[in-house]
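Working notes, beginning with the structure itself.
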């Protein structure tokens with residue numbers, strides 16, 4: 001009896017071992033086929049003398065792992081040097097807007113093998129203390145990358161902070177600037193919702209949105225409320241246009257990025273002079289979350305943080321109507337300046 005049990009166990013182990021080996025061989029073959037489907041990433045455009053270099057996808061995937069190990073302190077600086085990795089100043093910045101979808105845009109652009117993102121908001125240009133530390137401090141906050149790649153950071157406070165346009169201009173007058181916007185009233189309510197959640201976490205009370213957005217004395221829209229001011233996009237953009245031509249800006253439709261992300265990402269690829277590499281394969285809809293998630297390869301997928309897509313509180317319809325009427329002329333001017341008309345009520 002014992003002999004039969006041992007024989008059965010050996011047979012079971014052999015079957016499991018065969019399955020494991022088969023799975024491993026499939027993965028190796030699959031990764032190899034992906035490399036054959038997308039063997040190189042030629043970088044075109046104005047990204048330096050080495051812009052015609054080619055990036056094997058497998059090398060870029062290895063680079064991601066190497067940088068992860070370096071950040072954890074498991075890789076020496078000598079190894080980084082040998083792999084030709086550097087910390088570069090951004091060649092493009094997502095400058096805003098808050099609650100417009102800046103994090104989603106940054107993570108989605110990171111799907112492109114020629115793009116490397118700064119993981120955290122640096123707040124260099126909008127924070128006087130950080131700005132006083134100098135441009136070298138800022139550069140060292142950037143991720144390691146290959147020289148031919150483009151580094152992108154995002155800090156949505158840049159868009160509304162008065163000193164930022166001049167400071168960025170002094171660093172790089174030809175930098176590419178990305179602005180992602182949502183329908184202004186929706187964005188203002190989303191802004192309020194995030195603040196409200198923070199207050200509730202600390203067991204603090206907070207005014208209703210209607211009381212903040214509408215001046216109780218005049219019954220008109222309260223332009224002193226920051227969530228309202230941020231949504232007057234044209235007022236902030238006009239300040240940026242004192243330093244940069246409109247051609248250096250690209251407007252991303254944040255509402256469309258939620259429902260149809262690929263067309264918006266393809267427009268950004270074109271604006272950044274990047275070869276088209278992000279495809280429908282890289283994006284899949286997560287019905288549980290109600291958002292698109294990211295697929296880097298057959299092994300690594302990523303969804304945005306659970307805090308994204310907060311449920312908005314119910315707002316008095318008359319207040320929504322009043323806000324939309326208030327924003328309408330500013331929206332029309334925004335369309336005229338940027339050359340992009342969005343489907344806002």
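The backbone N, Cα and C atoms fix where each Cβ goes, and this holds for glycine too.
Bear in mind that TrEMBL entries carry predicted annotations, made automatically and left uncurated.
Annotated features, as they stand in TrEMBL:
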type	residues	note
DOMAIN	90-334	domain 'Sulfotransferase'
BINDING	99, 100, 101, 102, 103, 182, 190, 292, 308, 309, 310, 311, 312	3'-phosphoadenylyl sulfate binding site
ACT_SITE	99	active site, for sulfotransferase activity
DISULFID	293-303	disulfide bond
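Looking at residue 99 (3'-phosphoadenylyl sulfate binding site) and residue 303 (disulfide bond), their Cα atoms lie 17 Å from each other. Other Cβ atoms within 10 Å of the Cβ of residue 303 (disulfide bond) number 15 in total over all chains. Mean predicted confidence for the domain 'Sulfotransferase' (90-334): the pLDDT average there is 94. Taking every protein chain shown into account, 99, 103, 310, 312 are the binding-site residues, and of these the Cβ with the most other Cβ atoms within 10 Å belongs to 99. Take the CB of residue 293 (disulfide bond) and look out to 10 A: across all protein chains shown you find 16 other CB atoms.
Residue 312 (3'-phosphoadenylyl sulfate binding site) sits 21 Å from residue 303 (disulfide bond), taking the Cα positions as reference.
Between the CA atoms of residue 310 (3'-phosphoadenylyl sulfate binding site) and residue 293 (disulfide bond) there is a gap of 16 Å. Less than 8 angstroms from the CB of residue 190 (3'-phosphoadenylyl sulfate binding site) sit 99, 182, 310, 312, each of them six or more residues away in the same chain.
Listed in sequence order, 180, 182, 252, 254, 257, 258 are the same-chain residues six or more apart from residue 101 (3'-phosphoadenylyl sulfate binding site) with CB atoms under 8 A from its CB. Taking the Cα atom of each, residue 303 (disulfide bond) and residue 103 (3'-phosphoadenylyl sulfate binding site) are about 11 angstrom apart.
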